[in-house]
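Q: If you scroll down you'll find the structure; I have some questions about it.
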Amino acid sequence: MNGPYAALTSYLSELHEAKYRSKVPIYTGLCVSVGTIYLPLLASFVLPMNFKAILADYLVLHSWSLFLLLNALPALMGGFIFFFLPESPKFLMSMGKNEQALKVFQIIYSINTGNPKETYPIKTLIDEPKTNDQHKMSESPLLNGWRQISPLFTQPLLRTFILVCSVQLFMIMSLNTLRLWLPQLFQAINDYKYFNNGTSSTLCNMLSVIQPTNDTEECFVNFDNSEVYMNSIIVSSVSACSYLIVSTVVNVLGQNKLLNLLSLVASGCAMGIYFSPNSDIALLFIAAFNSLASVGSNVTLIVVVDLFPTTLRTMAVSLVMMCGRGAAMIGNIIFPLLLEMGCAPPFLCLASLLFVCFCISLMLPKPNENFI
């Protein structure tokens, strides 16, 4: 999913002028948050079903198989819709294809205003430096790929690239590490309340049910998971609302200051999760942490889009997101090890990562107006 999301972020940003561009990743994140509301809703209907189908005498489909199949449909539909979308005019101009870019501008003008394409007031576009396609065709794919990304690893872009990669690395590591474990944490809270007559306790006490024991006793399974789904819906809904709020202030505060604020407050929320006295307060801090860190990761992409030229934006976004996804994978492996050490280490680690992210974000340069 990393590749399509990176391409979509750059594509949408290049289709909008500078004053709207900073809001594009925010609205993209809003759509993602709405999608995460859809997932627990779908799971609450599909997974409890006693569904079983046998195909071709050897392929057995269960309710979870149906759930995964339904999850694949939106991505398939999105890929199909992309066939009908025009190429980015900014990209076409950077490749020297001004006539094609002008046709795209005319289509956008006609859709936005309802006027005929021929009435578009601009008739010619200024030539931009274009790449040597014939030289690219004679190169090997690996050499061609390196030629595309090599400017990111040389001055004057190297320092900026390292900074944004570091910010995204720590932001996504903290965000997705907890987000991927949320179903397990919510299930632990639900099981604790189930086996204690609905009473709540501190988060650390409730998470003790995750710890393995050497006792031999009868196993009881809690099949009432409605609260787990509801908690997931609440977290996703808060995240969606956060995107709406941030979309109104991003141009006022500026993406750099907004990123500083989001990472610092999210770090405090991670600490608050550890000190939660009951499940409701824990849910409050988890929802706040998830929404702030999620918005922060998308604000980082706004910074990337504004700091790098058109020909490098997609590659820069892809590499920055690759750093984040790789860090999330490492964090997902380390998190259970930290849980075995105790309740405090995992949440203190998340808070520390975001505080480091805050410190690095203070060193980010201002957007380069020459690339807009």
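Glycine is treated like the rest: Cβ placed from N, Cα and C.
A TrEMBL annotation is a machine prediction, not a hand-curated record.
From TrEMBL, for reference:
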type	residues	note
DOMAIN	1-369	domain 'Major facilitator superfamily (MFS) profile'
TRANSMEM	24-46	transmembrane segment
TRANSMEM	66-85	transmembrane segment
TRANSMEM	157-175	transmembrane segment
TRANSMEM	228-246	transmembrane segment
TRANSMEM	258-275	transmembrane segment
TRANSMEM	281-304	transmembrane segment
TRANSMEM	316-338	transmembrane segment
TRANSMEM	344-364	transmembrane segment
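Give me the structural setting of these features: burial, nearby parts and distances.
A: Sequence-distant contacts of the transmembrane segment (24-46), counting only residues of its own chain at least 6 positions beyond either end whose CB sits under 8 Å from a CB of the stretch, comprise 8-9, 12-13, 16, 63, 66-67, 70-71, 74, 226, 229-230, 232-233, 236-237, 239-240, 243-244, 246-247, 250, 294-295, 297-299, 301-302, 305.
Same-chain residues lying 6+ beyond the ends of the transmembrane segment (66-85) with a Cβ under 8 Å from its Cβ atoms: 1, 4, 11, 35, 39, 42-43, 46-47, 49, 51.
Here the transmembrane segment (157-175) has long-range neighbours at 151, 259, 263, 266, 270, 290, 293-294, 296-297, 300-301, 303-304, 307-308, 312, 316, 319-321, 323-328, 330-331, 350, 353-354, 356-357, 360-361, 363-365, meaning same-chain residues at least 6 beyond its ends whose C-beta is under 8 angstroms from one of its own.
Residues 26-27, 29-30, 33-34, 36-37, 39-41, 43-44, 182-183, 186-187, 189-190, 258, 283, 286-288, 290-292, 294-295, 298-299 of the same chain sit 6 or more residues outside the transmembrane segment (228-246) yet have a Cβ under 8 Å from a Cβ within it.
Proximity of distant same-chain residues to the transmembrane segment (281-304), defined by a Cβ-Cβ separation under 8 Å and at least 6 residues beyond the stretch ends, is recorded for 9, 21-22, 24-26, 28-29, 33, 164, 167-168, 171-172, 174-175, 178-179, 182, 185, 189, 203, 206, 231, 234-235, 238-239, 241-243, 246, 250, 255-256, 258-259, 262-263, 265-266, 269-270, 272-273, 313, 316-317, 320-321, 324, 350, 354, 357, 364, 367.
Sequence-distant contacts of the transmembrane segment (344-364) (same chain, at least 6 residues past either end, Cβ-Cβ under 8 Å): 160, 163-164, 166-167, 170-171, 173-174, 177-178, 204, 256, 259-260, 263-264, 266-268, 270-271, 273-274, 289, 293, 296, 303, 307, 334-335, 338.
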Q: Mean pLDDT for the domain 'Major facilitator superfamily (MFS) profile' (1-369), rounded to an integer?
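A: Averaged over the domain 'Major facilitator superfamily (MFS) profile' (1-369), per-residue pLDDT gives 83.
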